[in-house]
Amino acid sequence: MKLCVTVLSLLVLVAAFCSLALSAPMGSDPPTACCFSYTARKLPRNFVVDYYETSSLCSQPAVVFQTKRGKQVCADPSESWVQEYVYDLELN
């Protein structure tokens, strides 16, 4: 009898964990990159080749610029030069 109760309890726990894992929405992984500070200087536009915005799960919003040399630089999305670069990159 004790064995049945133990096995049944274990099965209920496994089912609960599987249910939680399967019910998570696709793409709900934790953010892979968050910025905790912004660059203090404006990047030269010809250094920037791409950008992405950080996840809304991050503590502060940021635009991450990727440079020709493969560096990633965090920038404040409220700065006018950042908005200008994003607009320009979207057009190209």
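Keep in mind that glycine also has a Cβ here, set from the backbone N, Cα and C atoms.
Database features (Swiss-Prot):
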- 1-23: signal peptide (SIGNAL)
- C34-C58: disulfide bond (DISULFID)
- C35-C74: disulfide bond (DISULFID)
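Projection of Swiss-Prot feature records onto the structure.
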residue : record         : DSSP class
C34     : disulfide bond : coil
C58     : disulfide bond : coil
C74     : disulfide bond : strand
Tertiary neighbours of C34 (disulfide bond) (same chain, Cβ under 8 Å, six or more apart): T54, S55, L57, C58, S59, Q60, A62
Residue with minimal Cβ packing [other Cβ atoms within 10 Å] among the disulfide-bonded residues C58, C74: C58
